[in-house]
Amino acid sequence: MDLHFENIRREYDKRSLSASDLTPTPFDLVTRWLQDAVEAKTYEPTAVIVGTATPDGHPSTRTVLLKEFLNNEFIFYSNYESRKGQQMAANPHVCLTFLWHELERQIHVEGDVRILEPELSDAYFATRPYKSRVGARISPQSRPIPGRSFIVQEFMKESLKYAGRTVPRPDTWGGFAVKPVRIEFWQGRESRLHDRFLYELRPDASWSVHRLAP
């Protein structure tokens, strides 16, 4: 069955982005836009699409939740042995996309990823709800399983094992930190004449910024 969507259109007319809104580095603007998304009560304001690729260039994406923007790095948590974890271990070049429909905004990030320090992963893991900590321990993320009953049974067994006790962070789970080298800010505008500004990291650690054609 063919599907046609050419008649689905929306005009973007809520906001603008001009050179006067920019900051010397992109990080203040990243902070401002993330805060705007939270304050506007957008749906999942910290959701971010993470793009990874194998060493020979086969890409994949998935959506995770940003948990910290710390020391100018974007931090999220996941299983090191998942598909994304394995791809990031083999090829540290990644991209991120934040999309806030309600604000008609996007941020696109390119950079290199590293595994977060264990003590920081431990500290975050301790803040997670009990069931989330148990789930992180028993899920062989991205691998085939016999059925849902398998993962439910494993969850029940691990829950009983740690009932009333501290659930330790598994060695296969922790944080990833993305250090950006390119950050683009996209603001939807009327007639598809969108505002786009690209920051790029220079060798001397300063940032260049250019307006891009929509």
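Quick reminder: no glycine exception, Cβ is built from N, Cα and C everywhere.
Features as listed in Swiss-Prot:
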BINDING   R9, R10, E11, Y12, K67, Y124, R128, S132, R192, L193, H194  substrate binding site
BINDING   62-67, 77-78, 83-84, Q106, 141-142, W186, R196  FMN binding site
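Reported as a whole number, the C-alpha separation between R83 (FMN binding site) and K67 (substrate binding site) equals 20 Å. When the C-alpha distances from Y77 (FMN binding site) to the binding-site residues E11, K67, R128, R192, H194 are tabulated, the minimum falls on K67.
The Cα atom of E11 (substrate binding site) lies nearest to that of R196, taking the binding-site residues R62, V64, S142, R196 as the candidates. Put simply, of the binding-site residues R62, V64, L66, Q106, S142, the one whose Cα is nearest the Cα of H194 (substrate binding site) is Q106. Between the two most distant C-alpha atoms of the annotated substrate binders (R9, R10, E11, Y12, K67, Y124, R128, S132, R192, L193, H194) there are 43 Å. Between R9 (substrate binding site) and S142 (FMN binding site), the C-alpha separation comes to 36 Å. DSSP gives Q106 (FMN binding site) a strand state. Long-range Cβ neighbours of R128 (substrate binding site) (same chain, at least 6 residues apart, Cβ-Cβ under 8 Å): A136.
Note: Q106 (FMN binding site) has non-local neighbours T97, F98, L99, W100, E184, F185, W186, i.e. same-chain residues 6+ apart with C-beta under 8 A of its own C-beta. Across the fold, the C-alpha of R196 (FMN binding site) and the C-alpha of K67 (substrate binding site) stand 26 Å from each other. Within its own chain, S142 (FMN binding site) has N79, E81, S82, R83, K84 as residues 6 or more apart in sequence whose C-beta sits under 8 angstroms from its own.
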